[in-house]
Structures are given as C-alpha cells and as structure tokens.
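Participant: The structure follows.
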Amino acid sequence: MASLNKQPRIVLLDIEGTVCPISFVKDVLFPYALSALPSVLEREWDSPSFRVYRDAFPAEHAASQEALLAHVRDLVARDVKIAYLKSLQGYLWESGYASGELKAPLFPDVAPRIAKWTQEGWSGEGGGKTVQVKIYSSGSVPAQKLFFGHTDAAPESDLRPRISGWFDTVNAGPKTEAESYRRILESEPHVPADEWLFLSDNVREVAAAKEAGMQSFVVERPGNAPLGDEDRAKHRVVRSFDEL
Ligand SMILES: CSCCC(=O)C(=O)COP(=O)(O)O
Ligand SMILES: [Mg+2]
C-alpha cells in the first residue's frame with residue numbers, strides 16, 4: 001500500500017495512462033483527429049474559426065493544406081506534444097464528443113475516487129476538509145474539458161464540476177520541468193507544496209513534480225510502458241486510486 005507523508009489537500013491528475021488507457025489517446029483520439037483533418041482543411045482553411053489554429057503553426061508548415069496535413073501526421077506519428085498540435089486536436093475532437101462518437105473511458109476507480117475526494121475528503125470522514133482535484137495534461141485545456149465532460153462514468157459522465165483547475169503545456173509549461181509544477185503551485189499559494197499529490201504514468205513528470213516539492217506517485221495501468229527496477233526503487237507506484 002503506497003503511503004503518503006502528508007494528507008493531500010489537492011490531487012493533480014495526469015490523463016493519458018493515469019485516468020484512461022494510453023490506447024484511447026493513441027488508438028482513438030489521435031486517429032479521429034487525423035481522419036477529420038482533411039475535410040476540415042478543405043472546408044475551413046480560410047475561416048476565422050480555423051485560422052486561430054492554422055496561424056499557431058510555424059509558417060513553413062502552414063503554407064498550404066498539404067503542408068499542414070503532412071506536418072500534423074509527422075508530429076502525431078512521433079507523439080510530439082507541442083501546444084499548437086494539441087490545440088488543433090482539441091478543435092478536431094469537439095464534434096466527435098458532441099456527436100457521441102467519442103467518449104472518454106475512465107479506469108473504474110477514477111470517477112468514484114474523484115467523487116469521494118471532492119465530496120467527503122481524503123479518508124471519507126467528511127468534516128468539511130474536501131480535496132480539490134485538478135488536471136495537468138499535455139492535452140490542451142479545452143481538450144481536457146471535452147474529455148472530462150464526456151466520460152463513460154455513471155451516474156454522472158460529466159466530471160467537470162468536480163475539477164477546480166486545468167493546466168497544460170501553455171499555462172503551466174513542459175510536464176518534465178519542475179518550474180511548471182512551481183507555476184501550478186502558485187495557483188493555490190495557501191496550500192503547501194507537500195499537500196499536493198501529483199499522479200502520472202510518466203516517471204520523468206513524477207520526478208519533476210517531486211523536485212518542485214509536491215508528493216507524487218507513479219501510476220501503473222494496463223498498457224502503460226513497463227517500469228524499470230530503478231523507477232520502482234525511486235518512486236512509489238500505485239495501480240489504482242483505491243490504493244491511496
Ligand atoms: C485528453 S486530452 C488529449 C490527451 C493528449 O493529447 C495527450 O498527449 C495526453 O498526454 P498526458 O500528458 O495526459 O499523458
Ligand atoms: Mg500520461
């Protein structure tokens with residue numbers, strides 16, 4: 001059983017590989033965006049609503065529809081988590097979530113635990129000391145809100161009301177840099193760093209969060225990259241939020 005040094009007042013959650021399978025992002029979300037992009041380029045290349053995303057691309061990759069499509073395909077193939085791609089992906093996923101074609105598959109422990117933390121507090125004794133839940137993902141904040149607004153959880157599939165903060169690589173910074181977590185800490189200056197608990201599948205992110213003073217555990221889920229002995233020796237590992 002993973003143990004904590006201090007009871008958290010804020011839980012900061014990664015998304016891919018932590019609350020949902022990596023396969024949903026890699027095998028559903030990314031292909032969906034790639035399949036939607038050609039017709040969006042054809043239809044909206046000069047529309048104001050799309051120009052916002054197009055103009056965020058480096059000029060050489062936004063010179064034509066073909067150039068932008070080729071660049072996006074390359075970035076996705078290499079899983080480059082660059083902000084302008086993440087923003088465009090969020091735009092492309094919007095219609096899929098709205099139509100019901102996309103629904104975020106949460107691991108079974110996630111929604112009940114988020115409900116418990118935010119309604120009853122850490123150990124479920126209530127007493128008014130509820131826990132805040134915030135998100136930090138490479139996915140853009142709009143994409144995060146689409147994800148948590150359309151989950152497969154029941155009875156409430158829209159978990160956005162339970163989430164009090166949204167951070168991505170634009171408003172916080174790269175996830176493997178401690179400075180990004182320090183920036184996130186500044187959003188709640190009254191909460192000491194060690195009363196934050198960051199949960200992620202990525203050991204480099206966990207290390208960066210700990211360098212910033214947060215508590216942080218590695219989350220091991222089916223389909224995640226295998227953890228090395230060194231990772232297990234260096235970091236606490238949980239397989240479910242129910243272990244916390
Ligand atoms: C659910 S928003 C889309 C997720 C995404 O694009 C991504 O790269 C997730 O990476 P994470 O930092 O959440 O592991
Ligand atoms: Mg992740």
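Glycine is no exception: its Cβ is also placed from the backbone N, Cα and C atoms.
Predicted automatically and left uncurated, TrEMBL annotations should be read as such.
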Participant: Since TrEMBL lists Asp14, Glu16 for Mg(2+), which candidate among Asp194, Asp201, Asp229, Asp231 does it give for that site as well?
Facilitator: Asp201
Participant: For the substrate site that TrEMBL assigns to Ser137, Ser138, which of Lys26, Lys175, Lys210, Lys234 is also named?
Facilitator: Lys175
Participant: For the recorded substrate site, whose residues are Ser137, Ser138, Lys175, find every other residue on that chain with a C-beta no more than 8 angstroms from the centre of their C-beta atoms, and list them by sequence position.
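Facilitator: Not counting the recorded site residues, we get Asp14, Ile15, Glu16, Lys81, Tyr136, Gly139, Asp168, Thr169, Glu205.
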Participant: Looking only at Cβ atoms, how many others are within 10 Å of the one on Asp201 (Mg(2+) binding site)?
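Facilitator: Asp201 (Mg(2+) binding site) is surrounded by 21 other Cβ atoms within 10 Å.
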Participant: I'm trying to understand the geometry here, so how far is the Cα atom of Ser137 (substrate binding site) from the Cα atom of Asp14 (Mg(2+) binding site), in Å to the nearest whole number?
Facilitator: 5
Participant: Within its own chain, what residues at least 6 apart in sequence put their Cβ under 8 Å from the Cβ of Lys175 (substrate binding site), listed in sequence order?
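Facilitator: Set apart from Lys175 (substrate binding site) by at least 6 residues yet with Cβ under 8 Å, we have Asp14, Lys81, Tyr136, Ser138, Thr169, Ser200, Asn202, Arg204, Glu205, Ala208.
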Participant: Taking the recorded Mg(2+) site as Asp14, Glu16, Asp201, identify the other residues of that chain whose CB atom sits within 8 Å of the mean position of the site's CB atoms, giving them in sequence order.
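Facilitator: Near the Mg(2+) site, the remaining chain residues are Ile15, Gly17, Thr18, Val19, Ile22, Ser137, Ser200, Asn202, Glu205, Val219, Asn224.
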